[in-house]
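Visitor: My structure is below; once you've seen it, I'll send some questions.
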Amino acid sequence: MVIQPSLLLLLLLTLQDVDSCQGPELVRELVLAKVKALFLDALGPPAMDGEGGGPGIRRLPRRHALGGFMHRTSEPEEEDVSQAILFPATGATCEDQAAAGGLAQEPEEGLFTYVFRPSQHIRSHQVTSAQLWFHTGLDRKSTAASNSSRPLLDLLVLSSGGPMAVPVSLGQSPPRWAVLHLAASAFPLLTHPILVLLLRCPLCSCSGRPETTPFLVAHTRARAPSAGERARRSAPSMPWPWSPAALRLLQRPPEEPSAHAFCHRAALNISFQELGWDRWIVHPPSFIFHYCHGSCGMPTSDLPLPVPGAPPTPAQPLFLVPGAKPCCAALPGSMRSLRVRTTSDGGYSFKYEMVPNLITQHCACI
């Protein structure tokens, strides 16, 4: 059998790069060292800042975190507070009295009806204050001349049992406007998906101008976590993030010890946090590294080369020179690349890079 010089040179170069002729006691530290060398050879060293000696870090807003994976710091998080403005859900005019949920006025009572739809954000947060802004159209003289025995404005909410009074207090307001501050006991009203408010103002007139549309102002903050949520947050984090491929490795049935004695493709879950590069390589957080491992104890005489396109089995050695000792190595041309996303400025810019010939697809005794 005559081996072509080009094939011989290719196999020699593959052996030099893979470093697969290791003993059966191949440890994790050696694999990690080899992986780090392959990454540094393909991507170069990470950009360093002037003080910490690590990749440059800039603090990012929480919404810029990648894939929900955030680096935890010892600094306290900012309180989640917000302000929301709600307008009536329907836009009926004064002339369109029959529109469902629109603006309606009963002249004999001066009753105005408004339908609000609080957002999911408001319903999931704790309301700390709420005000209803209503355009009365009355100047201060008209307000003072009104009957003092009855309040100028009454606020009611439509419930299953009929209209119910809402406790409010009048606050400072611009001319021709009224600001009704809802009492704390009325804050749960904003947790309903539909809120129907009835405002009674006998002296007020209906106005269909857009600039006189009433609105609700609600201030909210995040709810205090429950006992279960606090327990989940206080649980210690795993040393590295798990991936679906790593879970499949754990869930597969156990193998016979003899299966690991011969040349085979081994797998190792590696995270960039474990390598100290989680601030440089931001995606993926981890990957499954495949490499060749095992011995080649089969006889080395009179075995043909494998058929092109069909990877050899672990018991099918491939020889360079007759009489040479075979070594468990990756089949030439079967290495797969890994695409990663890196950053050198803490997340303001990203770069897609490729680490070629990193993951082994097929192993053989060469």
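Glycine too: its Cβ is placed from the backbone N, Cα and C atoms.
The shown structure was predicted, so the numbers you read here are calculated from the model rather than taken from an experiment.
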Visitor: State the disulphide partner of CYS296 as given in Swiss-Prot, choosing from CYS292, CYS363, CYS365.
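Guide: That would be CYS365, the partner Swiss-Prot lists for CYS296.
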Visitor: Would you mind checking which of CYS204, CYS206, CYS363 shares a disulfide with CYS292 in Swiss-Prot?
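Guide: Of the listed candidates, Swiss-Prot names CYS363 as the partner.
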Visitor: Run through ASN269, CYS296, CYS328 for me and report the recorded positions whose CA is within 10 Å of the CA of CYS363 (disulfide bond), in sequence order.
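Guide: Neighbours among recorded positions, in sequence order: CYS328.
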Visitor: What is the number of other Cβ atoms found within 10 Å of the Cβ of CYS296 (disulfide bond)?
Guide: 21
Visitor: Provide, as an integer number of angstrom, the distance between the C-alpha atoms of CYS328 (disulfide bond) and CYS365 (disulfide bond).
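Guide: Roughly 4 Å, rounded to the nearest whole number.
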Visitor: How many whole Å apart are the CA atoms of CYS292 (disulfide bond) and CYS365 (disulfide bond)?
Guide: 10
